[in-house]
Amino acid sequence: MLQKIYDWVDERLDITPLWRDVADHEVPEHVNPAHHFSAFVYCFGGLTFFITVIQILSGMFLTMYYVPDIINAWESVYYLQNEVAFGVIVRGMHHWGASLVIVMMFLHTLRVFFQGAYKKPRELNWVVGVLIFFVMLGLGFTGYLLPWDMKALFATKVGIEIAMTIPVVGPLAKTFLAGGEIIGAQTLTRFFAIHVFFLPAALLGLMGAHFLMIRKQGISGPL
Amino acid sequence: MHRGKGMKFVGDSRVPAERKPNIPKDYSEYPGKTEAFWPNFLLKEWMVGAVFLIGYLILTVAHESPLERKADPTDAGYIPLPDWYFLFLYQLLKYKYAAGDYVLIGTVIIPGLAFGALMLAPFLDTGSERRPSRRPIATGLMLLGLISVTYLTWESVVTHDWEKAKEQGKIVNVSFDENDPGYKIYQKQSCVGCHGDSLSGGASGPSLVGTGLKPEEIMKIAKEGKPPGMPPNAFKGTDEELEKLATFISKLEK
């Protein structure tokens, strides 16, 4: 039955080459922990992607309850945490995932750096990877404000004050992020939009480029 | 792939009529113990992922994600702290030559150089040598960066007052009768200015909930003050009112 559906679609859209492009690539011995245990260092990139998927899924569920305005934001998080079935798990995964993704990405970066895997011809993939790092830090910074509790508000105030010290760009960045003079209602809605739409869109684009390049070039050889 | 004359298409589309079999390549001739990504290697990867997921879920269940009390922009006494992965940048700004007049060194120059070098690493380290020991400058700079970040994060963690941080962010649930004559007096007097509407404290006055004090002790503080914050003679009213107020406050519990 499944085979028939596949054949029906394949006849019309010729998906086999596409599927083989995605699925069919070789994994060399030196990156396979089943053959050399020390190759576990090659898992960090995959785990970063794994957590990113969890972050997207848990984030989608969080937005079912979260309300991005200063009157209801804290109450909605409190409700989600204390009343909603498994809400504490979903929020917990998003909270801890945010830290774990930084850890895994950091380890992945160190692996690539110390193996010199960023060298020709993989320069562009390294630059894209560093951009992904920055987007992740941006997601961490904007997500921190959303629960609208004390630490969220004051950490954001300090963060924007620090940004303000940068000449020329600083005040512009403040206006863009805070949406005005004070850190308040406008800031929360902006951070919500940036956290949920702008940065994830950038992240998906960059990750697509990251994976395309690694597939095109193949993984770097053994040292 | 078949090209040129004699190509057949599905209907009037651009999809070739000739089907290709969906069979993976044979990797047995590749060097070493190469294997196919799908499904062989992906299954192993998923096993690593599953072990990781168990650890992740245990962490989630064991440590509930934190939520402090609702943001109160008027509370100027709150000591802020960013998430842990920003601590090194935050700590950097506490040093004399990266703050005040030199703040640009802490906010732009040092982070800009560090992250700029990270981003441009492939163009700065252009040699073909890959082993860390054969490119001492790149390795040395990265180790220096790692040590600095670790040290700054560590310093930030040990100098932060975690007890106070926990206290200042606590969610306080106070339930009291707003029609209590004691509360009416509380609102009329100057108490409310510092100790807040919900008696949970504010920038210049501590919480009055669950003090464990007897009415007589509270009356004494209201009249004679309590250094450093509470001035003497803060209460202005009759002794009867003072007694009602003190009884009300002494009964407040979390």
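Cβ atoms here come from the backbone N, Cα and C positions, even for glycine.
Quick caveat, the model's predicted, so the values are computed rather than measured.
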Matching range for TrEMBL feature annotation, transmembrane segment, among B:136-154, B:231-249: B:136-154
Secondary-structure category, per DSSP, in which B:CYS194 (heme c binding site) falls: helix
Candidates B:CYS191, B:CYS194: member of the binding-site residues with the richest Cβ shell (10 Å): B:CYS191
For the domain 'Cytochrome c' (B:177-253), the number of residues DSSP places in helix, strand and coil: 36 helix, 2 strand, 39 coil
